[in-house]
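K.L.:
For reference, TrEMBL lists these features for the protein:
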type	residues	note
DOMAIN	5-385	domain 'Major facilitator superfamily (MFS) profile'
TRANSMEM	7-30	transmembrane segment
TRANSMEM	36-59	transmembrane segment
TRANSMEM	71-89	transmembrane segment
TRANSMEM	95-117	transmembrane segment
TRANSMEM	129-147	transmembrane segment
TRANSMEM	159-179	transmembrane segment
TRANSMEM	209-231	transmembrane segment
TRANSMEM	243-261	transmembrane segment
TRANSMEM	273-291	transmembrane segment
TRANSMEM	297-321	transmembrane segment
TRANSMEM	333-355	transmembrane segment
TRANSMEM	361-381	transmembrane segment
Amino acid sequence: MQKSILLTILSAIFIVFVGMGIIAPILPIYAEELGATGFALGIIMAAYAVSGGLLQPFVGTLSDRYGRKRFLIAGLIMFGLTGYVYTIAGSVTQLVLIRFFHGAGSALIFPIAMAYIIDASAEDTVGKYMGWFNIAIFTGIGAGPVLGGFFLDLMGKNAGFYAMALLSLVSAALVIAILPGRDPSSVTEAPVRIFSLFRRMMQSRRVRGILLARMATMIIMVPTFAFLPLLMTRQMGASGSEIGMVIACRTLVNAIFQVPFGKLADSRDQNLLLLAGTVLIGVTMCCVPFATGFVPLLLLFAVIGLGEAISWPAMGALAATEGKKFGQGSMMGVFNMAMNLGVFIGAMGVGALVDLFSIDWAFYAVGIALILCAVTAAAMIKNPSVPIENN
């Protein structure tokens, strides 16, 4: 049963992220065609993060109480509907609203899927299976941009959105058909006191450090997905296929090294792995504007993918340890809320910097911020406050 749960969740997440990856090289160009400035593009990206970030802690906690499957199915169906609605957007405002709906769907998927993975993993294999979970994400989102680039070049932007819709609905059908219903092992009969639980979680210095690291690593999503396509088209005249390959290179390198570093996270200092990986990402981000062509960018994004492979399984394993105290759904909810907060901060801050200065600053600012946050987070995790018991 546990193997079937793991395989179903990993397959569903892979399919969903192929769909999300398909629209990665398309959405910024689509938004610019609708008249979006750099700041407006930031708002479009931030809308997804706002709705997802606000809802995920509540969804995660409720799934600990009522079971996970119904939330996951609803989120996947919302993703499918969103893929179609993108094609009828006629203005930047409509695109912002669609992204807000898309983000709400993500709140029903990601904390639930992560909690499923942790529930189905033995204690000494959490890092390994979080590595497999990240492989599903990054192989999906790595393959997706390549397909999206070809869709953009050969069939037009709408084909990519339709593909995303279809893949999300296929994933929903997979979950409905295979996953068991309400799993008693993941359900608690205790009353749900969401705000009290959040307050106790935020009193833990260790939890705050993990969330800071999660937030910081997600700030890079805006320059890599929103402004990289614009940087490549303006400065290099890159095609949609080349943009897709650069994005895919990062994610595929990440996927290849997830399991080795996931196993390492189960037996080595997780905090040190987290620090090393995030600093490597930050330094490399600062180098991106100096790239002179397609191949140098490909190599830089491969290094970014390696840094993510080093840090992400360790970060997930650290979060899973805290989830034993607070509930895995609850912990994964705030963990992914921090992710969306990072995307939001990156979208708004980086969008403003691009309008005020240049696209280069999207990469400089994010790289420096990531290094500073990584050092601070590692210090908080290494020297936590007195643990707070779950009453």
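Placement of Cβ uses the backbone N, Cα and C atoms for every residue, glycine included.
All TrEMBL annotations are machine predictions without curation.
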K.L.:
Which listed stretch (7-30, 36-59, 159-179, 209-231, 333-355) has the most C-beta pairs under 8 A with the transmembrane segment (297-321)?
P.N.:
209-231
K.L.:
State the residues, same chain only, that lie 6 or more residues beyond the ends of the transmembrane segment (273-291) and have a CB under 8 A from a CB inside it; answer 'none' if no residue qualifies.
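P.N.:
Cβ under 8 Å, 6 or more out: 213, 216-217, 220, 223, 228, 231, 261, 264-265, 297, 300, 303-304, 306-315, 318, 359-360, 363-364, 366-371, 373-375, 377-378, 381.
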K.L.:
Okay, the transmembrane segment (209-231) and the transmembrane segment (361-381): do they have at least three CB pairs under 8 Å, pairs separated by 6 or more?
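P.N.:
Checked: the transmembrane segment (361-381) vs the transmembrane segment (209-231), in contact.
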K.L.:
Can you tell me which recorded stretch out of 95-117, 129-147, 159-179, 209-231, 243-261 has the most Cβ pairs within less than 8 Å of the transmembrane segment (333-355)?
P.N.:
209-231
K.L.:
So which of 7-30, 36-59, 95-117, 129-147, 209-231 has the most C-beta pairs under 8 Å when paired with the transmembrane segment (159-179)?
P.N.:
7-30
K.L.:
Looking at 7-30, 95-117, 129-147, 209-231, which one has the highest count of Cβ pairs under 8 angstroms to the transmembrane segment (36-59)?
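P.N.:
It is 95-117 that shares the most Cβ pairs under 8 Å with the transmembrane segment (36-59).
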